[in-house]
Amino acid sequence: MAVEQGLADDYTQDGTVDLKGNPVRRSKRGGWKACSFIIVYEVFERMAFYGISSNLVIYLTVRLQQGIVTASNNVTNWVGVVWMTPVLGAYIADAYLGRFWTFMAASVVYLMGMSFLTMAVSIPSLKPPLCPQPTVGHCDKPSALQLGFYFGALYILAVGTGGTKPNISTIGADQFDDFHPKEKHQKISFFNWWMFGIFFGGFFANIILVYIQENIGWTLGYALPTAGLAISIAIFIAGTPFYRHKVPAGSPFTRMVKVFIAAIKKRKLPLPKEAKELYELDLEEYRKKKKFRMEATPTLSFLNKASIQTGSTDSWRLCTVTEVEETKQMIRMIPILIATIIPSIMLAQSNTLFIKQGTTLDRKIGKFSIPPASLNAFITISLLISIVIYDRIFVKMMRKFTKNPRGITLLQRMGTGIVVHAVIMFVSALVERRRLAAAREHGVVESGGQVPLSIFILMPQFILMGIADAFVEVTKIEFFYDQAPESMKSIGASYSSTSIGIGNFLSSVLLKTVSNITSRNGRKGWILNNLNESHLDYYYGLFTILNCLNFIFFLVVSKYYVYKAELSDSIKLLTQELEEKTPSNESNNSH
């Protein structure tokens, strides 16, 4: 009996299976053995991705000879697609293929895109003609074939990341059983190592690969990330015998749509006076499924009509109270999501205008020339230091005053980051005014020549961006995941990526709009190809005002936001509720 009990305890309790659908034993699959492959994959994959994205604006302006506005918008549009496609990738995984097979299919597309990009900068007929003096403006333009092939490869890559990005982290999380105390604790450590893999891969790309691209050649600079991605996929496949898998259980998006449609179909019906008359499953059903039942609330009451019982059992006409409340919770987070879009627009500047500013400054340290995109490494370093200081010092200090385990609330932390973003743009405007003054003093305004100031005058805005990320980007991921209902964590995670995607698209719209408006009636405009004649200081000043207005909006929506009740162990509470209810039911039946 003891042997049988030990064997039973060895099987996972969270429903994970192997690729053939058989239950798995925790001693054979999952845990750190499986996750070691996944973390190493992430290091190489992030190195590959940032090896392309970090220096993209330089390639577009120098090799494809695009103007600053066009190149910056092409970067932000592409990054927007990169961050929006994971929503589709998560849906396909949840509803149809499962995470593993969605990831594998997307990896093939991803590697194809990277390979095509390497071909685009290597094969003579596909790579653009060399332009020794791009500022003079007498160079042969890239052909339609060369432009089409390069951008086609970029967007194939973006589609591939849409399937890998949302699934690889959840595959890693699936290797730990939430119903096993030790493994549940290990999952927290996994996410710490996961973030370390992202930071390490990005840091390597910003320092080493960016230097190779600008000083040795784009062929090697793109071939190394492509090889890195191929290695990462091979490492992931090598770990296949050790992975646990979760069976696709249907997409949360579909459940949300069903709630809306059911409510619309019954829009003319009056709500019952008692919430208990609405449709809901028995507590026992939720305990079997290891889920938590939610009670009806009066907010967004129109959606409650989805639970009105009319005799139909069609899931598109009748939803449980829990399904309705889950949908409401996702809607309640939308105003916070909107408030995080402006910080995402600010973040987009670090990959575009900030880097182009660096190309106008003195980049020499002795004989070594610093690639402008390498300054993004300071964002990573600043972010890591900020997180350590925040977790180790600030949180412990604030707990004494607030009695909150997090030190301050998630929204308070996010609001602090929004203020930092306003400071970033104010500082950036001051730095740009200093750069423009130096350009005038040394007579390099019209020529667009190098301004005799060190590139390190840009360091404050990169360092502050890392601090802002520690408050906004890290908190955003935690907030949307934490506040999402138990069965809709994938949508919660997609909120943070959606914010970045929309922010990048809006960055393109703003840049184009401001460029067009300020250049009307024969005026030079704020954003020109010659940055020494431009007025980025005005543009950054506009962003400062935009951040201040966004902070006011954030204060309003956060004031009315009600946090979801935190449940440390919902299954335990549900069992307790059932036990308390059972005696009264038996007593009623005896009468």
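All positions are counted from 1 along the displayed chain.
Cβ from N, Cα, C; glycine included.
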Candidate ranges 33-51, 375-393, 470-488 [criterion: TrEMBL lists as transmembrane segment]: 375-393
Contact call for the transmembrane segment (218-238) and the transmembrane segment (190-212): at least 3 Cβ pairs under 8 Å, seq gap 6+: yes
Non-local residues, at least 6 beyond the ends, that sit with Cβ under 8 Å of the transmembrane segment (336-355): 53-58, 68, 71-72, 75-76, 79, 372-373, 375-376, 379, 411, 414, 417-418, 421, 424-425, 428, 458, 461-462, 465, 468-469, 472-473, 476, 479-480, 495-496, 498-500, 502-504, 506-507, 510, 536, 539, 543, 546-547, 550, 553-554, 557-558, 561
Within-chain partners of the transmembrane segment (375-393) [C-beta distance under 8 Å, separation at least 6 from its ends]: 54, 199, 202-203, 206-207, 350-351, 354-355, 358, 455, 458-459, 462-467, 469-471, 474
